[in-house]
Amino acid sequence: MVDKVGIIGAGQMGSGIAHVAAVAGLEVVLSDVTMDRAKAGLETIDQNLGRQVAKGKLSPEDMKAALGRIALADNIPALSDCDLVIEAATENEQVKVSIFKELCKTLKKDALIASNTSSISITRLAATTDRPEHFMGVHFMNPVPVMKLVELIRGIATTDETFERFKTFCDRLDKTTAVSEDFPAFIVNRILLPMINEAIYTLYEGVGNVEAIDTAMKLGANHPMGPLQLADFIGLDTCLSIMQVLYEGLADSKYRPCPLLVKYVEAGWLGRKSGRGFYDYRGEGEPTPTR
Ligand SMILES: NC(=O)c1ccc[n+]([C@@H]2O[C@H](COP(=O)([O-])OP(=O)(O)OC[C@H]3O[C@@H](n4cnc5c(N)ncnc54)[C@H](O)[C@@H]3O)[C@@H](O)[C@H]2O)c1
């Protein structure tokens, strides 16, 4: 039985997972590298819960109770008595491996571990822990409180019991699950990211500007968001990491990350979270295209 959930990384995804877990009645420990980052995650949750209350989807009492179930931490040993821990830190294999090494030193032996990675091999991450049979990929979509889907990815050693326990956990969060095999970027990002990368090539080659590309895909393909707007929303560093994993993992030149994407990431223009990407979000009004 899962009562207490630990979350590592209080960014866009970690705070979203903490949000839905707390609303579902679970105790949550949300941790990041500093208390300030953990607090920023809690502020995001506070705002997003407030929006749900304003829309009548949640009562003010339930919001207060959910916030009361979230504890903050700036260290990994603080998660030692959790029943299930989800790693949602930066999409970088070295970062994730060092987190798992530290986590396994103190986490209780029967606890489950998951990674929210968008693309990195679950089998390889599992092998760096002391419990590959109790490890899985649990890939939430952004924004977590809104998006229904969670991709479940088994590593080679994941037991049926672990799979069922994670499935029950996702059911409790009122999410729908889709099972993916452990191949680079799984299902959603294997299809979505090459589309976004192609949109960036379209911009790079001057086929259209930011506005034209996003308008074309919104009105011409009925996408709710343009691909460049979506890239900013995901985070351009995350998009680049996923393309690199596809490129290296599948050894096919069709996944080559667009040089313009690399340039934006090198500039620190990471999209919404840094204030600027394919759009500039720093002004008061509507975001303005940067190309
Ligand atoms: N952004 C998306 O749309 C999306 C969707 C699904 C999955 N993901 C995956 O979720 C994970 C997180 O992505 P995000 O968009 O929330 O990134 P983000 O940049 O918003 O947040 C990452 C957080 O991890 C923290 N962090 C880094 N190293 C850490 C450490 N050693 N210990 C604790 N915290 C640490 C950072 O301080 C930051 O707050 C990635 O693996 C990403 O691929 C992202």
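For all residues, glycine too, the Cβ spot is worked out from N, Cα and C.
Copied over from TrEMBL, here are the features:
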type	residues	note
BINDING	GLY9, ALA10, GLY11, GLN12, MET13, GLY14, ASP32, GLU91, LYS96, SER118, ASN142, LYS273	NAD(+) binding site
DOMAIN	4-182	domain '3-hydroxyacyl-CoA dehydrogenase NAD binding'
DOMAIN	186-281	domain '3-hydroxyacyl-CoA dehydrogenase C-terminal'
SITE	HIS139	site 'Important for catalytic activity'
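Shown here: features listed in TrEMBL, placed on the structure.
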{"residue": "GLY9", "record": "NAD(+) binding site", "DSSP (3 states)": "coil"}
{"residue": "ASP32", "record": "NAD(+) binding site", "DSSP (3 states)": "coil"}
{"residue": "LYS96", "record": "NAD(+) binding site", "DSSP (3 states)": "helix"}
{"residue": "HIS139", "record": "site 'Important for catalytic activity'", "DSSP (3 states)": "strand"}
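Cα to Cα, ASP32 (NAD(+) binding site) and HIS139 (site 'Important for catalytic activity') are separated by 19 Å.
Each residue in the domain '3-hydroxyacyl-CoA dehydrogenase C-terminal' (186-281) gets a DSSP state, and the totals come to 65 helix, 4 strand, 27 coil. With a cut-off of 6 Å between Cβ and the nearest atom of ligand 1, the binding-site residues GLY9, GLY11, LYS96, ASN142 reduce to GLY9, GLY11, ASN142.
Note: GLY9 (NAD(+) binding site) has non-local neighbours SER31, ASP32, GLU87, ALA88, ALA89, THR90, ASN116, i.e. same-chain residues 6+ apart with C-beta under 8 A of its own C-beta. The Cβ of GLY11 (NAD(+) binding site) has 18 neighbouring Cβ atoms from other residues within 10 Å, across all protein chains displayed. Ranking the binding-site residues GLY11, MET13, LYS96 by the distance of their Cα atoms from the Cα of HIS139 (site 'Important for catalytic activity') places MET13 first. Look at the recorded positions LYS96, HIS139 and count other Cβ atoms within 10 Å of each Cβ; LYS96 has the fewest. Cβ environment of ASN142 (NAD(+) binding site): GLN12, MET13, GLY16, PHE233, ILE234 lie under 8 Å away, each six or more residues apart in the same chain. Counted within 10 Å of its Cβ, the other Cβ atoms near ASP32 (NAD(+) binding site) come to 24, all protein chains included. Largest Cα to Cα distance within the recorded NAD(+) binders GLY9, ALA10, GLY11, GLN12, MET13, GLY14, ASP32, GLU91, LYS96, SER118, ASN142, LYS273: about 20 Å as a whole number.
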